[in-house]
Amino acid sequence: MAVLQKYDWILAIISIAFCASAFGNGANDVANAYATSVAARTLTMPQVGFLSMITEFVGAVALGSRVTDTIKSGIINIEHFKPSPGVMMLGMGCAEIGSAFWLLLATSLGFPVSTTQTVVGALVGVGLASRAGVTWGWEKGSVSQIAASWGIAPAIAAGFSAVIFGTVKYSVLERKDPLKWAMRLIPFYLSITAAILALFIMVELPNGQDYEEFGVGRMCGIIFGVFGGCLVVAYTFFLPYFHRRLIRQDARIKFYHLPLGPTLWMENPWVYFPAPADGDVVIDYYKSPHSATPNTNQNNNNSDDSNPDAIKPASDDKTRDSPEPPTSLEKGAEHTAAPLEKKQFLEPDERWLVPYRHLPVYNPTRVWGMVKYFFLQGVTRDCVGHSDPRLAQTHAKAKRYDNRVEHLWTYAQVASAIMMSIAHGSNDVANAVGPWVGAYDTFITGVVSEESNTPIWILVIAGILLGAGFWFYGYHIVRSLGNKITQLSPTRGFSMELGAAITVLLASRLGLPVSTTQCLTGATLGTALMNYDLGAVNWRQLLWIFCGWILTLPVAGLLAGLLMLMALNTPHL
């Protein structure tokens, strides 16, 4: 029997708040890992929805920490609560409610915020309300370091991503025959990405060793081992697959034909479950239901006919007959965007609710439409297109490259997104379960401790809720971090994710508390600036995101602190 059985009602409230917090964590933070992949059209929202369910669950359950810090980063003095364990439970409950409220509110407003900083802000409010003392100075995990990370982390990530995209841009995209150079260099890019992400996962694991314990020799061995192994796999399987699909334009070949490997070099290889031979070889990674398209009016002076020297984009049909694909689309004439097309993408309510409103509520067809809307509305929304003319002008100032070259980088981008999601599930699950575990351990033992054993079953629940949060509510953040900032493509998305991962690795080495969210935002800005045009960045959207970072600590702290104050000073008989 629990020692503090009389406080079971507090544990019940905390459990409800924990579910909301884990759901909000998934909706906000999980979307960070996949936002660039969706915006670049590398993955669709339904694909990402299923992937997030798997990767977050694996990260939380298989790799998540079995020992959770009761007070995140030592932000408040735990000794203050030892004489009154019940107050400790109350404080953790207020922190869980405060963080859950802000995460859900921030997600609905399109604020990609740090879940770690949200929990810290809530704990600061609890600490001030209970006079437990707060770590303000320049110490690890202090409030001052968190505030500094708002500028430091994005700046470092912007630099790394700009260098990475610049390397791809000038070694492949801007060269005379970009597809030839892409085929030569893609095995090395895939291998380097795998090596960096392997190190990223090992360092980010909560139960993993730090750099000193790991050792330079083992670290280099893993990096070069993964690099060499992936290089062999790339040359054996990926290169013949890419050659068959992109050089020979064989539309029958799909990703699941990778195991055929060297046989794809043959003149007419046997292919299992072939795709239609007249299908698309690659999609247009720059096309959108609302994107700007050239005006077909013959009187338009900016039409392709009036400008014979203009470089045209590589389309699915034209590239098959063109052995020398164009290197890029230059920026639009005088930086102007073409008119927007009529909306073609139907939102979930337009698909499943509006057509059946004339039917009675109990009609099976209308009920089935409402069921589909409830379960699918989060992953069937348009997170790529836009209908804002100003945003269309921003996108028009970014260069557009050969779709076949862009396609080569989708595989590296998917790998990086999956790895970052697994790392998030393993590392940030503590943000949701931390306060709950602290309260639960105190409830069972009656003693306040700095570390608590995390039951495996709560990690299972947290992993499910993280994936569900993205499935139902993550589209808000995907829209906010995607094409609303700048024009994205697979090469750009790859640079952003890898730049953010390297920044997190460096910060872990230096002991700096950085947020993956802030790193990805900075990486997006750094890649966008490689267009060498400030107009290629939506600065209003960046300002909106930065406002969310600034509001995180005070809003979460204010709500948690007010709840704690009311609870401690409530009149009673």
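Each residue, glycine too, has its Cβ placed from N, Cα and C.
Quick look at what TrEMBL lists:
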- 7-27: transmembrane segment (TRANSMEM)
- 47-65: transmembrane segment (TRANSMEM)
- 86-105: transmembrane segment (TRANSMEM)
- 146-170: transmembrane segment (TRANSMEM)
- 182-202: transmembrane segment (TRANSMEM)
- 222-242: transmembrane segment (TRANSMEM)
- 291-341: region 'Disordered' (REGION)
- 293-305: compositional bias 'Low complexity' (COMPBIAS)
- 314-323: compositional bias 'Basic and acidic residues' (COMPBIAS)
- 408-426: transmembrane segment (TRANSMEM)
- 456-473: transmembrane segment (TRANSMEM)
- 542-568: transmembrane segment (TRANSMEM)
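Taking Cβ pairs closer than 8 Å, the transmembrane segment (222-242) reaches residues 183, 186-188, 190-192, 194-196, 198-199, 202, 253, 257-265, 408, 411 in its own chain, all 6 or more past its ends. Non-local neighbours of the transmembrane segment (456-473) in the same chain are 18-19, 22-28, 30-31, 34, 48-49, 52-54, 56-61, 64, 66, 104, 107-108, 377-379, 425, 429, 432-433, 436-437, 440; each lies 6+ residues outside the stretch with a CB under 8 Å from one of its CB atoms. Contact between the transmembrane segment (86-105) and the transmembrane segment (7-27) is present: at least three CB pairs lie under 8 Å, with pairs separated by 6 or more positions in sequence.
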